[in-house]
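What follows is a single structure, written as structure tokens, with notes after it.
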Amino acid sequence: MEVVLEGKFLLDKRTIEGYIGIEDGKISKISLREIKGDHKIKVDKGKVILPGLIDVHVHLRDFEESYKESIESGTKAAVHGGITVVFDMPNTKPPIMDEKTLKLREHLFKRKSYADYALGFLLAGNKPVEADFYKIFMGASTGGIYSKNFEEDYIRALDIVSIHAEDYEIIQKYPERPPIAEIRAIERVIEAVKTHKKPAHICHISTAKGLKLLLDSRLEMLSFEVTPHHLFLTRSDYDKNPLLKVYPPLRSEEDRIALWKNIDKVPVIASDHAPHTLEDKEAGAAGLPGLETEVPLLLDAVNKGLITLQDIVEKMHINPIKIFGIENKGFEKGKDADFTIVDMKREWTIRADNLYTKAGWTPYEGWRVKGKVIMTIIRGEVVMEEDEIIGKPRGERIVKKGKHRRNLGSSEEH
């Protein structure tokens with residue numbers, strides 16, 4: 001046995017003390033009894049070993065916008081925040097809409113990524129090529145490219161589609177992007193999924209009505225996510241700080257409360273990490289950095305009794321694996337030995353000065369939180385410990401399952 005992790009971890013929804021054996025970067029054994037190994041990592045009391053957390057919505061910029069973020073800086077931010085896999089959004093500059101650009105992106109990741117990664121492909125009337133997932137913007141957002149025929153692009157996709165659901169016509173007429181823009185778009189997605197029965201994932205749900213539509217639809221092939229900024233911030237925060245401009249916008253306190261009230265029914269939490277420089281933000285750019293703050297904010301919520309560690313594992317590990325069909329990840333024998341180790345008792349203050357993102361600011365500046373990521377392990381190797389990035393870029397592309405079916409609690413489609 002090369003490496004043995006010893007400490008407290010979650011198994012079958014229970015927290016237990018045990019041992020995890022790692023060989024050749026894979027989980028080789030999970031046991032309550034001691035495992036002998038060449039190298040032991042002992043996790044002290046008050047700290048918990050979580051399976052490696054996955055963020056299915058990340059904008060890493062690079063290409064012509066490497067001054068905002070690069071694959072190197074963004075994946076350093078990811079592992080600093082306890083994220084072991086990032087899903088790379090394709091609305092880059094230039095956008096990833098052909099095979100040549102996708103291959104260029106993969107080449108960059110192979111050389112620069114500190115985290116494992118999934119590669120996205122943008123659909124807006126173009127021909128799809130094989131990718132890990134596809135992205136459709138129903139209305140213009142950062143990058144300005146949107147699908148003029150959503151249903152056609154959705155049908156054309158070769159695998160699951162992540163959808164930015166804001167109706168183009170409504171946001172053209174009402175640039176403040178009112179709730180109806182999201183609601184109308186969600187209605188269209190639901191109808192398309194009912195008709196074509198192809199997997200779809202709606203990004204960053206922000207409204208109570210949009211959430212209700214999705215929960216009532218009970219479609220096996222349709223999943224969705226919420227972001228920490230829609231869970232922790234509201235329109236009144238934006239009124240005080242225009243840097244908090246984001247699409248979809250921060251909503252009312254009623255909407256925020258509705259997301260929390262239904263948090264047990266939300267399949268995925270994702271950051272929608274969308275970094276811009278302060279200069280670009282002051283000029284009106286939409287998007288918030290979030291890779292390094294999402295897990296600490298959620299750990300703090302665990303300490304406050306709003307959610308459980310099991311909820312975090314389900315929404316940032318178990319469900320992303322099911323929904324996006326990731327073959328090589330999971331907390332079981334034979335899967336990659338990825339772990340996010342957290343100190344549930346550590347109190348600290350979020351400061352932009354201590355973050356790896358190039359954004360240079362955070363919406364949560366000065367927030368006092370209880371709970372911190374202290375170590376990140378990818379394929380059995382420590383890549384971050386106590387805020388320090390360790391070693392060179394060693395990220396690998398995820399392995400996708402073949403035609404995967406998903407079951408997130410409902411087998412009905414109606």
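Each Cβ is built from the backbone N, Cα and C atoms, and glycine gets one as well.
According to Swiss-Prot, Lys135, His204 bind Zn(2+) 2; the candidate from His107, His164, His196 that the record adds to this site is His164. Among the candidates Asp264, Asp272, Asp280, Asp300, the residue that Swiss-Prot names alongside His57, His59, Lys135 for the Zn(2+) 1 site is Asp272. Apart from the site residues His57, His59, Lys135, Asp272, the chain places the Cβ of Val58, Phe87, Met89, Asn91, Ser162, His164, Cys203, His204, Ala270, His273, Ala274 no farther than 8 Å from the centroid of the site's Cβ atoms, the recorded Zn(2+) 1 location. Distance noted between the C-alpha atoms of Asn91 (substrate binding site) and His57 (Zn(2+) 1 binding site) is 12 Å.
Taking only the Cα positions, the spacing between Ala286 (substrate binding site) and Asp272 (Zn(2+) 1 binding site) is 11 angstrom. The number of other CB atoms found within 10 A of the CB of His59 (Zn(2+) 1 binding site), across every protein chain shown, is 27. According to DSSP, Lys135 (Zn(2+) 1 binding site) sits within a strand segment.
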